[in-house]
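S.K.: Reproduced below are the annotations present in Swiss-Prot:
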- His118: chlorophyll a ChlzD1 binding site (BINDING)
- Tyr126: pheophytin a binding site (BINDING)
- Asp170, Glu189, His332, Glu333, Asp342, Ala344: [CaMn4O5] cluster binding site (BINDING)
- His198: chlorophyll a PD1 binding site (BINDING)
- His215, Ser264, Phe265: quinone binding site (BINDING)
- His215, His272: Fe cation binding site (BINDING)
- Tyr161: site 'Tyrosine radical intermediate' (SITE)
- His190: site 'Stabilizes free radical intermediate' (SITE)
- 29-46: transmembrane segment (TRANSMEM)
- 118-133: transmembrane segment (TRANSMEM)
- 142-156: transmembrane segment (TRANSMEM)
- 197-218: transmembrane segment (TRANSMEM)
- 274-288: transmembrane segment (TRANSMEM)
Amino acid sequence: MTATLERRESASLWERFCTWITSTENRLYIGWFGVLMIPTLLTATSVFIIAFVAAPPVDIDGIREPVAGSLLYGNNIISGAIIPSSAAIGIHFYPIWEAASLDEWLYNGGPYQLIVLHFLLGVSCYIGREWELSYRLGMRPWISVAFTAPVAAAAAVFLVYPIGQGSFSDGMPLGISGTFNFMLVFQAEHNILMHPFHQLGVAGVFGGSLFSAMHGSLVTSSLIRETTENESANNGYKFGQEEETYNIVAAHGYFGRLIFQYASFNNSRSLHFFLGLWPVVGIWFTAMSVSTMAFNLNGFNFNQSVVDSQGRVINTWADILNRANLGMEVMHERNAHNFPLDLASSNSLPVSLVAPSVNG
């Protein structure tokens, strides 16, 4: 009797790497999108921390008046920010090797572009990674679709808006007070509060918060008890169990009596589809509002739209908002010679009819 033994060739290093990358047994799934996501997000995070702590002032307006944003230059957690790239750079791609020196790159706000572009690439890969893991587990792809909403919003304020305005200096600063400054200036220049897409976005965010609170409270109030009265209801459930953990019929009946019958869902799939759809569509509209206003397709202007029989203006909320916008825009302009267009375009008013005499 003859036994034949065949020696099985060991898998190549590349094949083992591919198997490990795409394995769903890893504690954290990596995936092919993760191969790009991990280094880009690590780069963005590392540069952000270093720049937030120690970056020198940046000439954001391109007028040789640098603005300090880091902690070592006198800021705190609230006032600190990564200052956007200089207006002198515009929307040019500005990597380190395009500058004459590292000092010049820092002075012109190079870290902002580095952080933003790596961040956007990283979170885009995170979308792909969500889809990839869902695909390998046999799940449907809607998790990745939902995550496109915040990514679209980030791309709108960090990339689309600077492109539309012609300079990365118009992008949103990476900091708390910088975000608020961006919001105020955006309102002053584009009247975002009167843009219908932004209004839909507000409805999406606040409505999503309301629906989330309603759903969570209804579920936790209608749990199916699997334990005795002397034991916590939480002990009656196992992670991944097939049985329902709450009684949707009871929740539906409660809410139907609280509001009216057709205000509640009696189908779990349609309920959760609605809970996912509402905020996602709202944030999509918010991203579209910023993207359209990037090219100066601004909010509605109803200024001085109500007049009396004598032609005198009756101020409405739109006029009050317009006055606030003008005030914010004036405060924003750091150049005395660079007035906002809507202030500089009207006829000049004489403030002195006689030149003052200067003695001595």
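Placement of Cβ uses the backbone N, Cα and C atoms for every residue, glycine included.
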S.K.: Taking each of the recorded positions His190, His215 in turn and counting other Cβ atoms within 10 Å of its Cβ, which one has the fewest?
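M.R.: Ranked by other Cβ atoms within 10 Å, the recorded positions His190, His215 bottom out at His215.
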S.K.: Please report how many Å separate the Cα atom of Asp170 ([CaMn4O5] cluster binding site) from that of the residue listed as 'chlorophyll a ChlzD1 binding site', as a whole number.
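M.R.: Distance (Cα to Cα, whole Å): 18 Å.
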S.K.: For the quinone site given as His215, Ser264, Phe265, which other residues of the same chain have their Cβ within 8 Å of the site's Cβ centre?
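M.R.: The surrounding set, listed in chain order, is Met214, Leu218, Ile248, Ala251, His252, Phe255, Leu271, Phe274.
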S.K.: Would you measure the largest Cα separation among His215, Ser264, Phe265 for the quinone site and round it to whole Å?
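M.R.: Across His215, Ser264, Phe265, the two farthest Cα atoms sit 11 Å apart.
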S.K.: For the binding-site residues listed here (His118, His332), tell me which residue's CB has the most neighbouring CB atoms inside 10 Å.
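M.R.: Per the Cβ count, the most surrounded site is His118.
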S.K.: For each of the recorded positions (Tyr126, Tyr161, Phe265), count the other CB atoms lying within 10 A of its CB, then report the residue with the highest count.
M.R.: Tyr161
S.K.: Could you tell me the C-alpha distance between the residue listed as 'chlorophyll a ChlzD1 binding site' and His190 (site 'Stabilizes free radical intermediate') in angstrom, no decimals?
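M.R.: Pair distance, Cα basis, whole Å: 28 Å.
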S.K.: In angstrom units, rounded to an integer, how far apart are the Cα atoms of His332 ([CaMn4O5] cluster binding site) and Ser264 (quinone binding site)?
M.R.: 47
S.K.: For His190 (site 'Stabilizes free radical intermediate') and Phe265 (quinone binding site), determine the Cα separation and express it in whole Å.
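M.R.: Pair distance, Cα basis, whole Å: 39 Å.
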S.K.: Note down the number of other Cβ atoms within 10 Å of the Cβ of His272 (Fe cation binding site), including every protein chain shown.
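M.R.: Looking across every protein chain shown, the total is 12.
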S.K.: Between Glu189 ([CaMn4O5] cluster binding site) and the residue listed as 'pheophytin a binding site', how many Å separate their Cα atoms?
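M.R.: With the alpha carbons as reference points, the distance is 33 Å.
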S.K.: Around the Cβ of Ser264 (quinone binding site), how many other Cβ atoms lie within 10 Å? Please give the count over every shown protein chain.
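M.R.: For Ser264 (quinone binding site), the 10 Å Cβ neighbour count is 19.
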S.K.: Would you mind checking how many other C-beta atoms are within 10 angstroms of the C-beta on Asp170 ([CaMn4O5] cluster binding site)?
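M.R.: Asp170 ([CaMn4O5] cluster binding site): 22 neighbouring Cβ atoms within 10 Å.
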S.K.: DSSP secondary structure for Phe265 (quinone binding site), reduced to helix/strand/coil, please.
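M.R.: Once the DSSP labels are grouped into three classes, Phe265 (quinone binding site) ends up as coil.
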S.K.: In angstrom units, rounded to an integer, how far apart are the Cα atoms of Tyr126 (pheophytin a binding site) and Tyr161 (site 'Tyrosine radical intermediate')?
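M.R.: Cα-Cα, rounded: 22 Å.
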